[in-house]
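Trainee: My questions will all concern the structure given below.
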Amino acid sequence: MTAIVDIIGREILDSRGNPTVEVDVVLEDGSMGRAAVPSGASTGAHEAVELRDGDKGRYGGKGVEKAVEAVSGEIFDAIGGMDAENQVQIDNAMIALDGTPNKSRLGANAILGVSLAVAKAAAESCDMPLYRYVGGTSARVLPVPMMNIVNGGVHADNPIDFQEIMVMPVGAQSFAEALRCGAEIFHTLKGELKKAGHNTNVGDEGGFAPNLPSADAALDFVMSAIGKAGYKAGDDVMLALDCASTEFFKDGKYVYEGEKKTRSRSEQAKYLADLTSRYPIVSIEDGMAEDDMDGWKELTDLIGGKVQLVGDDLFVTNVTRLADGIKRGIGNSILVKVNQIGTLTETLAAVEMAHKAAYTAVMSHRSGETEDSTIADLAVATNCGQIKTGSLARSDRTSKYNQLLRIEQQLDDQALYAGRSALKALA
């Protein structure tokens with residue numbers, strides 16, 4: 001009854017107006033799963049490869065007709081008739097069919113779309129929500145949201161070199177309360193920026209992109225907004241950064257074009273340590289560049305005992321790179337992006353490896369998103385305890401938050417909001 005009888009691929013648009021892949025998987029009993037694949041702006045060099053057509057006369061070369069063709073053609077030919085409940089077998093069959101180490105032949109966008117749609121179809125066939133189907137009976141932890149309320153770097157056209165400044169409502173008693181907290185801070189910040197004469201346009205992920213000279217200046221605005229919204233920074237709400245340092249790492253130096261400063265790896269580590277001493281920052285993502293292993297080690301040794309150091313470009317949701325990082329003792333957390341690795345099976349393996357090594361895991365969106373809310377279910381399924389899915393504006397971001405509200409309501413008194421326990425540094 002759960003045999004795959006049809007796979008339909010199509011080209012749709014993401015939140016930046018670029019094409020992406022959507023997949024429908026239909027089972028013998030009529031159940032159907034649909035998944036849309038996200039896309040990143042700041043991509044790690046070691047990520048799985050999304051297949052683009054390269055035809056400059058169509059979507060500027062960003063079309064995905066080849067990936068869609070692979071979905072309905074080669075991939076369906078290989079896994080049609082297989083049992084959708086055999087997720088590992090199906091994902092492994094697609095990996096073998098592609099035959100490359102980075103899924104570049106068929107495209108990680110094609111493979112991931114099918115992988116997630118298979119899981120959703122199987123969940124529907126079993127009459128179970130996706131988080132329960134993937135995570136089992138223990139899936140009941142609602143994640144702390146990392147809400148990106150100030151955008152910089154490649155996500156915005158402003159001088160702020162860091163890509164994201166986020167608020168984390170760790171003191172809330174429920175996810176719904178955490179979401180309200182974030183929304184109130186977001187609207188307060190908008191008023192504060194407007195009052196100071198700054199624009200309140202939003203970036204790719206729904207956060208504000210004010211023309212501020214430095215991360216310090218942006219952090220000061222956020223701290224003020226937290227207080228004026230009626231919350232206590234460092235108690236109710238903690239701060240998090242995504243430096244996306246690979247984007248401004250040039251010739252062994254960290255070049256802050258907005259600040260007109262250049263820092264060595266040691267100076268970069270000390271600068272981040274200084275920020276954590278002056279602001280209630282409990283999580284820093286990609287504080288060092290993806291291949292600056294010495295820098296990562298220095299940063300981890302300096303503040304890894306008290307701050308969550310998240311590897312995004314460093315680990316790219318890849319168990320091989322994560323295992324190497326664990327062995328080296330660099331970072332203490334992994335950012336989990338399903339499209340960085342390209343299958344649900346490999347994503348779950350990365351989370352499992354992280355948890356076994358006492359690393360935290362943060363489920364994450366991409367800057368180019370869709371209305372698909374699968375990662376909300378996966379955050380609960382994996383008991384990650386943290387989710388990073390943008391600001392409190394743009395429906396491509398709020399779709400994930402709204403799905404988490406539904407899950408919390410469905411779980412009722414079984415729901416457990418992760419709160420401070422999500423972060424080793426606060427536990």
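Cβ coordinates come from backbone N, Cα and C, glycine included.
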Trainee: In Swiss-Prot, the (2R)-2-phosphoglycerate site includes Q163, K337, R366, S367. Which of K190, K327, K388 does it also list there?
Mentor: K388
Trainee: Check Swiss-Prot: it lists E285, D312 as binding Mg(2+). Then name which of D242, D251, D324 it lists for that same site.
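Mentor: Looking at D242, D251, D324, the one Swiss-Prot places in the Mg(2+) site next to E285, D312 is D242.
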Trainee: How big is the Cα-to-Cα gap, in Å, between K337 (active site, proton acceptor) and S367 ((2R)-2-phosphoglycerate binding site)?
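Mentor: It is 11 Å, counting Cα to Cα.
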Trainee: Beyond the listed site residues D242, E285, D312, identify every same-chain residue whose Cβ lies within 8 Å of the center of their Cβ atoms for the Mg(2+) site.
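Mentor: My list of surrounding residues reads Q163, E164, L241, C243, A244, I284, D286, V310, D313, L335, K388.
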Trainee: To the nearest whole angstrom, state the Cα distance for the pair E205 (active site, proton donor) and K388 ((2R)-2-phosphoglycerate binding site).
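Mentor: That separation, Cα to Cα, works out to 10 Å.
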Trainee: For D242 (Mg(2+) binding site), just give me the three-state DSSP call.
Mentor: strand
Trainee: What residue among the recorded positions K337, R366, K388 has the most other CB atoms lying within 10 A of its CB?
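Mentor: For the recorded positions K337, R366, K388, the Cβ with the most other Cβ atoms within 10 Å is K388.
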Trainee: Could you round the CA separation between Q163 ((2R)-2-phosphoglycerate binding site) and D312 (Mg(2+) binding site) to a whole angstrom and send it over?
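Mentor: About 13 Å separate the Cα atoms of these two residues.
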Trainee: Work through the binding-site residues one by one (R366, S367, K388) and name whichever has its CA nearest to the CA of E285 (Mg(2+) binding site).
Mentor: K388
